[in-house]
Amino acid sequence: MAIMAFLLRAAKWQMVAALAAGLLNGLCSAGLVAFVVAVVFHKEYPADRLILAFTALVLLMVSSRVCSSLLLTRLGQSAIFRLRAELGHKILATPYRRLQALGAPRLLVNLTDDVAAVAESFSWIPLLCINVATVLGCLAYVAWLSPPLFAVMAVVMAFGVLSFRAIQRGAIARFKQARECDDRLFQHFRGLTEGVKELQLNRDKRRAFFADELQATAERGQALYLAGMTAYVLGANWGTGLFYLVIGLFLFVLPQHLPLPADTMAGAVFAVIYMMAPLVTLFNGLPILGRAQAALGKLDGLAGRVDAPSPEADCASAGVPAKQARRLRFAGVTHHYFRDEAVRDFMLGPLDFVLEPGELVFVVGGNGSGKTTLALLLIGLFAPESGTILLDGAPVTAAAREDYRQHFSAVFSDFYLFESLLGFGNRELDEQARDYLRRLQLDHKVRIEDGRFSTVDLSQGQRKRLALLAAYLEDRPFYVFDEWAADQDPAFKQVFYTEILPSLKAKGKTVVVITHDDAYFHLADRCLRLEDGKIGAIAPSGRPGGGVGAAKPLPAEEQPLEASHAVAG
């Protein structure tokens, strides 16, 4: 079974010890059955010895059950902890482009529902193992009592196992299909929560979304889940019925053909009855294991998608420290935007430009022109498909990309604001952060204590200011802002362009701003206009003598070999 194999991979010897303790418990259970039968049919044993033997047997059975349960419980919790930690680590080490292709809804379902399903199965594993051991012990006792009776049981059980396996395969197939519906349902939930304004605004759209998307997917998932559970219920009752058939054979059919002593027949029947409760428990737990198997399959699939070897993950820094980086150059860099893994929709580049320390550069252009893709290439979240990025003259290779990213701070248009200021070891952090709060006009709304914001329940524009505060504190050589001012009121928008950006420039930072605010273009040292993925010229405006131009020309010795690269002077 996949779940047991997963536990064996997680901690082989702990699993072996737990199974050994469970097997001992099963043997003790069978011994208890044999003991009761012997006491009932054989009165010649001394009472004090019977009491001593009974006490020892019960103590051994209880202690082995406790040991097996505790070992399996600890093993299960340890395995689920490692599973969550490994998934988190793998996701963080996976290239951003691949994570984009997977999509946030699928990742969230993997990290929540799938992990929860596997964790639920782990809570059943101790009980299931102990009950399996009990059943095996009772079978061993019947085999010891009478090999012919055991042979009859074995034939019936083999038939039952084969038929149940056929039923189980159908049930697991339904659970896997239901799990696929969960991915789509989570996407609909995202539409429900993030698109509620649009849905409430349009009655027809709301009705169509609810009936044709959300409800239809939920109903299909429900039908598939019920089909799987129905198969398990039928299989469980089929198995229970077969054991009643065994009891009937022992009581009414076999005595006509096998001359067995009464105590042997009674012991066999008692063993079968004793097995019924563990079997019911097993049948009740199998649907949980079936769902966990489907979830584990999805998690294994996710691991295969995010666990591809990545030479850039967690590389030790051996290059220039981040604060010493001075000059960044794009030489013939291109990148395709993939709508899906098979179709190339858009190509950015070839791009050739240089960014110098202390420069304030605006990136402008229409929607879909490639501005955000350029930013993701610039900060190292996307890798060039051709061409080279050079930092202080050194090419940024795949192995160096993780270190390269440490030179950048960024606030994205779809930013995420953490409640804590993470990754800082400076004891004066809180005081520095409070000073920035005052400069960002948020000191009356937010406090910072022990590196945590007192609240992040603010407007979008105010949350962006807190994200900017975190970027300030990182104090890195390069800053990238993607439509940062779009959510700010006019007064603070002016503060951003006329005070915040110049202060970063004065510190020698290289600042790249994606913007549509043409009223402030004159404040930039240069503007890079993107048109259909290429850098084109922009007419000077605002500043006497012109100062707003396209990409800074490369020196002669750095010009690319191909003359077709779009660089304007």
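Any Cβ shown, glycine's included, is placed from N, Cα and C.
Curation does not apply to TrEMBL; its annotations are automatic.
Looking up the ranges 15-39, 265-289 in TrEMBL, the one annotated as transmembrane segment turns out to be 265-289. Within its own chain, the transmembrane segment (124-143) has Cβ neighbours under 8 Å at 3-4, 7, 18-19, 22-31, 33-34, 65, 68-69, 72-73, 76, 149-150, 153, 267-268, 271-272, 274-275, 278-279, 281-282, 285, 288-289, counting only residues six or more beyond its boundaries. Contact between the transmembrane segment (149-167) and the transmembrane segment (50-72) does not hold: fewer than three of their C-beta pairs are under 8 Å, each pair 6 or more apart in sequence.
Beyond the ends of the transmembrane segment (224-253), by six or more residues, the same chain brings 149, 152-153, 156-157, 159-160, 163-164, 167-168, 170-175, 177-178, 181, 265, 268-269, 272-273, 275-276, 279-280, 283-284, 286-287, 290-291 to within a C-beta distance below 8 angstroms of the stretch.
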